[in-house]
Amino acid sequence: MADFDHHPLKTLSFKRSGSTLTVRFKRAMTCGDDVSSPVSKDILVYSYYSRFNPQSPTMSEENPLYSPFFGVMGASAAMVFSALGAAYGTAKSGTGIAAMSVMRPELIMKSIIPVVMAGIIAIYGLVVAVLIAGQLKSPKEGYSLYKGFIHLGAGLAVGLSGLAAGFAIGIVGDAGVRGTAQQPRLFVGMILILIFAEVLGLYGLIVALVLYTH
């Protein structure tokens, strides 16, 4: 059998989806071929030199095909978790208001504050989700894996912070409005506790915006 390690290599370059792929072919001989005879056929010996051209600004190791997935998940996490927190806070506070209004209907509008503060949590997530969605691009347009991770972190920061803040607002609002119906002096204390619970979501928004600007 002839040794074909010393036969010249053939290089073929072609474009596919905006990226250049380079393939190496080697002329090889089958069993029984004479060294002086014409080569019988071509065999693909080596794989690609490089999967994508390093000089190309499109898809590469830094801009893989799945990099926008993390950005989409960041935008989704920001909206979904914030909405979950706001929904829980609204529902929990609403049950307390409904129970309190049977005895003290004149305090309904005054006790609606926990519901309003719970709704603001969803706005935090909406802002970050819209910002992230505005930056989403395809890998061919330069959306890197680093940017996808940054957007995922920003979405999780505001989303999970909003979820925690919504739980706190709901529990405090439920107990606060029930107690205020019996002791009006509790109203100021309830508002202060709600403010500190709301700030948790604001902290997540600040961190998300800082990550987004990087």
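Placed from the backbone N, Cα and C atoms, the Cβ positions cover glycine too.
Unlike curated entries, TrEMBL annotations are predicted automatically.
Computed from a predicted structure; not experimentally measured.
So that you can see what the record holds, here are the features copied from TrEMBL:
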- 69-91: transmembrane segment (TRANSMEM)
- 112-136: transmembrane segment (TRANSMEM)
- 148-174: transmembrane segment (TRANSMEM)
- 186-212: transmembrane segment (TRANSMEM)
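Among the listed stretches 69-91, 112-136, 186-212, the one sharing the most Cβ pairs under 8 Å with the transmembrane segment (148-174) is 69-91.
The list of residues near the transmembrane segment (69-91) in space but at least 6 beyond its ends in sequence, with Cβ under 8 angstroms from a Cβ of it, reads 114-115, 117-122, 124-126, 128-129, 132-133, 135-136, 143, 145, 147-149, 151-156, 158-160, 162-170, 173, 201, 208.
Within its own chain, the transmembrane segment (186-212) has Cβ neighbours under 8 Å at 78, 82, 85, 110, 113-114, 117, 120-121, 124, 127-128, 131-132, 135, 150-151, 153-155, 157-162, 164-166, 168-169, 172-173, 176-177, 179-180, counting only residues six or more beyond its boundaries.
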